[in-house]
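Peer 1: Structure in structure tokens, see below.
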Amino acid sequence: MNPQALLIFTMSLLLGSSTVISANHWIMAWAGLEINTLSILPLISKTYHPRAVEASTKYFLVQAAASTLLLFSSMTNAWFTGQWDITQLTHPMSCIMLTAAISMKLGLVPFHFWFPEVLQGSSPMTSLLLATAMKFPPTVLLILTSPSLNYTLLSLMAIASTALGGWMGLNQTQIRKILAFSSISHLGWMTIILIYNPKLTLITFYLYSLMTAAIFFTISIINTLKLSTVMTAWTKIPSLTAMLMLTLLSLAGLPPLTGFLPKWLIIQELTKQELTVTATTMALLSLLGLFFYLRLAYCATITLPPNSTNHMKHWQTNKSVNMPAAVLTMLSIMLLPLSPMIMTTP
């Protein structure tokens, strides 16, 4: 892609996200979401491949429907209450429509159908943007309106997302689809705690984005997009694939890695709120995700192809992503000691 065009689209993404995060009025938030959607579409379809065009078309249709529903929700609330302020969403029907609209934006069950297909049709770096940066503005809107939302509906969607993200990831062979279902599962963890502790939702989102970025940078360096090619990556860069295994286990939530922190805090908060059954259900459903993370880690580091490869080890790789990959991987593994500081932050 032309560097000037790439710069324009990147700056538009930053503008759209900043507009949504700083907005008080529903029209401004809607405009920021639209800027984001229009900015990411050329990045999805830049590879000139039929699958990329299909992904960009699906993404546009779903995001346009979600934006329409969000605008209709805010207009309904303004019609009945006279309020356009984001934090003043009080009409019950508006709250339900907003929950559906944000769920479509994020890819929560039952509006998840578009997300794995769009990620599969995008390049690794665009997939990273879709799985992390593009989900931040809708998450902020969800947090701002959380006092007005229906907890029963959110809980059902969260448990369904965690369950489906785990089940559907079990039989996938494409890494981008595995990470898409991983994203859906983590969204369930973020949503289940939204009403009781929005700060935990943000912490979970930040740490999930950190670990997902580390994995996407790593697969971009070793140039693998499916399990069958991951098996040959060990002979290319052994040290990097070993770190990839630790990052995947961190994403699965195993102690003493960073990914254990949000799951631990969420289960602790749910137990404090006397939601022991919900906490137990979420913990058991996370075992499904653990299985396919372990399978991916096993393929990346332990499985060797039956025939030896004839190429030299790649000790020098794409230098433009080496440093971000190294920093993100270390943060994805070693942040758990900061948990006392996070827990004591007001």
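Including glycine, each Cβ sits where the backbone N, Cα and C put it.
In TrEMBL, annotation is done automatically, which means it is predicted and not curated.
According to TrEMBL, the record shows the following:
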- 1-23: signal peptide (SIGNAL)
- 23-288: domain 'NADH:quinone oxidoreductase/Mrp antiporter transmembrane' (DOMAIN)
- 60-80: transmembrane segment (TRANSMEM)
- 92-115: transmembrane segment (TRANSMEM)
- 151-171: transmembrane segment (TRANSMEM)
- 178-197: transmembrane segment (TRANSMEM)
- 203-225: transmembrane segment (TRANSMEM)
- 237-257: transmembrane segment (TRANSMEM)
- 277-300: transmembrane segment (TRANSMEM)
- 290-343: domain 'NADH dehydrogenase subunit 2 C-terminal' (DOMAIN)
- 321-343: transmembrane segment (TRANSMEM)
Peer 1: Against which stretches of its own chain does the transmembrane segment (237-257) lie, if we need a Cβ under 8 Å and a gap of at least six residues from its ends?
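Peer 2: For the transmembrane segment (237-257), the far contacts come to 182, 208, 211-212, 214-215, 218-219, 221-222, 263-264, 286, 289-290, 293-294, 296-297, 300-301, 313-315, 317, 325, 329, 332-333, 336.
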Peer 1: Do at least three C-beta pairs under 8 angstroms join the transmembrane segment (151-171) to the transmembrane segment (321-343), pairs 6 or more apart in sequence?
Peer 2: no
Peer 1: Mind pulling out the one from 92-115, 277-300, 321-343 with the most Cβ pairs under 8 angstroms to the transmembrane segment (203-225)?
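Peer 2: Between the candidates 92-115, 277-300, 321-343, the best contact partner of the transmembrane segment (203-225) is 321-343.
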Peer 1: Could you pull out which residues elsewhere in the chain have a CB under 8 Å from any CB of the transmembrane segment (321-343), counting only those six or more residues past its ends?
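Peer 2: Same-chain contacts beyond the flanks: 203, 207, 210-211, 213-214, 217-218, 220-221, 240, 243-244, 246-247, 250-251, 255-261, 264-265.
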Peer 1: Mean pLDDT across the domain 'NADH dehydrogenase subunit 2 C-terminal' (290-343), rounded to an integer, is what?
Peer 2: 73
Peer 1: Mind checking which residues reach the transmembrane segment (178-197)? Cβ under 8 Å, same chain, six or more beyond either end.
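Peer 2: Tertiary neighbours of the transmembrane segment (178-197) are 106-109, 112, 115-116, 119-120, 127, 131, 135, 139, 142-143, 146-147, 149, 151, 154-155, 157-166, 168-169, 172, 204-205, 208, 212, 215-216, 251, 262-263, 266, 269-270, 273, 278, 282, 285-286, 288-289, 292-293, 296.
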